[in-house]
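Visitor: One structure, as structure tokens, below. Some questions next.
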Amino acid sequence: MPSQDKEIDKIFLIGAGGFLGAVCRFLLCELVEGQLGILSVNVIGSFMLGMIMYDTEYLGFIGPKGKIAFGTGFMGAFTTFSTFAVQSFSLPFIPALGNISANIFLTLTGVFFGRSVIKALSSREI
């Protein structure tokens, strides 16, 4: 039973994080509408997830439960690849290419900067 309790704890952490992530995404997309809203969500999310993933490896500030709650739950609900894909598909060809390029470049840049913040804080080479 202890193993089953740990799984239930993980599911609860993911669900609670997911709830908060979905609410935050909704609020940000209300503030910044359309493709720019989804781009903002995905770039911010990539930056934060980059920090979370590298923190758990190099600083250890967040810990395993935080990684589950924030990395899997919150970020999983906050970011949205599927909405980005649907929006891109619904645009004319040239604007779609711009949206796709911006999302890919800026989200990878977000991860890079999230990693860089953790690298600077840890003073260790990644």
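Along the chain as shown, residues are numbered 1 onward.
Heads up, the Cβ atoms here are built off N, Cα and C, so glycines get one too.
Taken from Swiss-Prot, the feature Na(+) binding site covers Gly76, Thr79. Residues or ranges marked as transmembrane segment by Swiss-Prot on the basis of sequence analysis: 11-31, 34-54, 66-86, 93-113.
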Visitor: Give me the count of other Cβ atoms within 10 A of the Cβ belonging to Thr79 (Na(+) binding site).
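Guide: Other Cβ atoms found within 10 Å: 21.
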Visitor: For the transmembrane segment (34-54), give me same-chain residues lying six or more residues beyond its boundaries with a C-beta closer than 8 angstroms to one of its C-beta atoms, as numbers and ranges.
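Guide: For the transmembrane segment (34-54), the far contacts come to 25, 28, 62, 66-67, 70-71, 75, 78-81, 83-84, 87, 91, 99, 102-103, 106-115, 117-119, 126.
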Visitor: What residues in the same chain, six or more past the boundaries of the transmembrane segment (66-86), come closer than 8 Å to it by Cβ-Cβ distance?
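Guide: Tertiary neighbours of the transmembrane segment (66-86) are 10, 13-22, 24-25, 38-39, 41-42, 44-46, 48-49, 52-53, 56, 99, 103.
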Visitor: Quick one: give me the count of other CB atoms within 10 A of the CB of Gly76 (Na(+) binding site).
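Guide: For Gly76 (Na(+) binding site), the 10 Å Cβ neighbour count is 17.
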Visitor: So, three-state DSSP: helix, strand or coil for Thr79 (Na(+) binding site)?
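Guide: Going by the DSSP assignment, Thr79 (Na(+) binding site) belongs to neither helix nor strand, so it counts as coil.
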